Ligand code: 48H
Ligand code: FE2
């Protein structure tokens with residue numbers, strides 16, 4: 001059989017169109033494809049929910065690829081090991097309470113298992129705004145990352161979701177958009193974004209979980225975005241808190257959907 005360029009092109013357009021059209025209305029939409037977003041997406045999809053993820057970059061994985069300072073190993077504490085086991089990531093015990101994983105193997109396994117569980121992932125797409133209905137976030141406003149990078153004036157498209165998770169990491173981009181449009185209305189102690197504090201691994205890992213919650217009606221924060229929003233410290237290249245945050249936001253949302 002001679003391969004035909006037009007069949008190849010039509011196959012890609014057809015299949016992508018199917019994915020795109022089937023993700024216009026969702027139970028949950030996740031912004032950011034780092035470890036916290038991926039774990040959240042996996043558990044929500046596994047529970048049968050309609051869940052979609054948007055990632056600005058070509059690659060999924062956020063800050064996990066680089067381990068610590070490009071030493072491509074991550075540390076995960078005992079409390080989060082069950083999550084790596086659930087995904088089937090290879091884990092090595094380092095000493096009591098501390099485990100390591102190859103960051104490349106870890107993030108590629110999280111990504112693969114999430115997609116296989118049913119998470120719809122769109123890479124190369126940036127979230128630039130939210131849909132707002134009076135006092136609640138009800139969807140996302142999207143554009144191609146290439147449009148964002150080129151600075152062309154091209155209007156976006158939109159998708160609906162019952163709940164949004166801001167898993168954009170240190171940048172906490174969705175919360176920033178909401179705070180800009182309705183200043184002072186966040187469910188933090190000041191109504192504003194509290195800002196990430198300096199490194200304190202132990203405290204940060206506990207606070208990440210407490211900070212993983214709803215910050216505005218319909219909008220949850222997970223991972224580093226949770227710490228940046230509620231004023232928690234950073235933890236450095238220990239990833240248990242990110243994984244547990246993804247698990248927690250999925251659990252909390254499953255009680256509400
Ligand atoms: C689409 C977007 C947008 C947007 C951003 O940074 P991440 O890896 O996020 P987390 O919170 O899951 O993990 C944090 C971890 O990697 C980390 O940095 C740690 C533990 N740091 C500790 C320390 O002390 O520094 O991933 C976020 C992803 C990225 O891939 C972005 O490209 C993406 O979100 N993103 N995607 N639209 N508007 N904003
Ligand atoms: Fe970081």
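Glycine is treated like the rest: Cβ placed from N, Cα and C.
For 36, 55, 56, 63, 127, 153, 154, 155, 224, the entry in TrEMBL reads NAD(+) binding site. DSSP assigns residue 56 (NAD(+) binding site) to coil in the three-state reduction, placing it in neither a helix nor a strand.
Taken from TrEMBL, the feature Fe cation binding site applies to 155, 170. On its own chain, residue 170 (Fe cation binding site) has 196, 224, 225, 228, 234 as residues at least 6 apart in sequence with a Cβ closer than 8 Å to its own Cβ.
According to its DSSP assignment, residue 234 (glycine binding site) is coil. Per TrEMBL, glycine binding site is recorded for 234.
For the NAD(+) site listed in the record, the two most distant Cα atoms among 36, 55, 56, 63, 127, 153, 154, 155, 224 lie 32 Å apart. Around residue 154 (NAD(+) binding site), the same-chain residues six or more apart in sequence whose CB sits under 8 Å from its CB are 143, 144, 147, listed in sequence order. The number of other CB atoms found within 10 A of the CB of residue 56 (NAD(+) binding site), across every protein chain shown, is 21.
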